[in-house]
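Feature annotations, reproduced from TrEMBL:
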BINDING   104, 127-130, 193-195, 199, 246-249, 429, 440-441  substrate binding site
BINDING   123, 284, 343-352, 354, 377-380, 404, 431, 437  ATP binding site
BINDING   123, 125, 347  Mg(2+) binding site
DOMAIN    183-281  domain 'Glutathione synthase substrate-binding'
């Protein structure tokens, strides 16, 4: 299995040499594909275009973003800084006319008391949604493993899956609509690039279409980036058509230069994926607000079927804003912490609080405005299954595991017209039950392939 993963290019750089490709290892994965209820998988795929519509609608609704984030930006400095850039760019007038969204909606399968499973959305990632590349290659590994085990029939049932191609299609469409053959696509990347091969899968799809790609960091943008009179973005004298963020979602990476670079990018005509409004649309506070009765109707008028499909995936989400409702829900969670998850406005995994830790934090902040920087969500209880999690230099042991299904979505809008809206493939990540939170990049979950049952 490990050799098959290395052959297929399911690769990551090592922790010891995160910026060197001369020593690499396989990205962690499950030995066997995991069972996923077919009906729930199909439900998740079917609702993705609706979520694309919704994220796009939220990103264009200034009043909604202002009202929803008003309490959060008072106490959460990171969201506040993003919001300030958003307002500044709007006041100046948007130079950008083409908009590209690449998101990933993540779900778990909530097991009811009667044993039936339901699809429940965990979150929607609107910036730097990763593993579309590596997951395009993982199914081949599982196909081979099943054949070696004599399960040829089961091997033939694994779905084809190529999110890298779907993501590249969206980037290519945005590049084409930008309208300059000479312009490049810029991947905005981290200082530490362990997950480079995942990005290279998407990048190579673009090279195959003869679209030039450059890789730059925030500090490169600060040092080399400039705008001309019509706010075209230039890096090193090259015009940039599309900025694809694989960085920029955690506060730790921003120093003053990075914030200046971010403002420069947002002011430019280049197609940002995402633009700052779409990043704000992915905050946990917005997610919680969307679950309030009437909110979806306000954002998607004339789309009752889409609204019904979206709402069917929501878990219970609760506001901790100051006031009677927030006081009541905080008290409920302190009394019964195992029912809930406490979520800050952060992406990238490993940020959520559970159980005793949730109770301690809420006890500490329950009477302070700081609590409005979190939301509460019902804790989802999936049915565990046994699997082997293959990680470099780790003992081989069977683990009780739970899985999380992500569906990639891609949309492109020119002015007011949506010219592309589709689901672009799936990602299954699996982790041992003792880990409450965290994804593959955080070193907790591993790559998996759904086996539909």
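Cβ atoms are placed via backbone N, Cα and C, with glycine included.
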Give me the DSSP three-state residue breakdown of the domain 'Glutathione synthase substrate-binding' (183-281), ordered helix, strand, coil.
41 helix, 26 strand, 32 coil
Hey, what's the Cβ neighbour count for residue 247 (substrate binding site) at 10 Å?
20
Counting Cβ atoms within 10 Å across all protein chains shown, which of the binding-site residues 123, 128, 354 comes out on top?
128
Let me know how many other Cβ atoms fall within 10 Å of the Cβ of residue 104 (substrate binding site).
26
Which of the binding-site residues listed here (123, 344, 354, 379, 431) have a Cα atom within 10 Å of the Cα of residue 130 (substrate binding site)?
none
Would you count the other C-beta atoms found within 10 angstroms of the C-beta of residue 199 (substrate binding site) for me?
23
Rounded to an integer, what is the Cα-Cα distance in Å between residue 128 (substrate binding site) and residue 431 (ATP binding site)?
21
Along the domain 'Glutathione synthase substrate-binding' (183-281), what average pLDDT does this model show?
97
Could you state the whole-number distance in Å separating the C-alpha atoms of residue 431 (ATP binding site) and residue 249 (substrate binding site)?
23
Ten-angstrom check, please: count other Cβ atoms within 10 Å of the Cβ of residue 379 (ATP binding site), all chains counted.
18
Out of the binding-site residues listed (104, 125, 199, 247, 249), which are within 10 Å of residue 344 (ATP binding site), Cα to Cα?
none
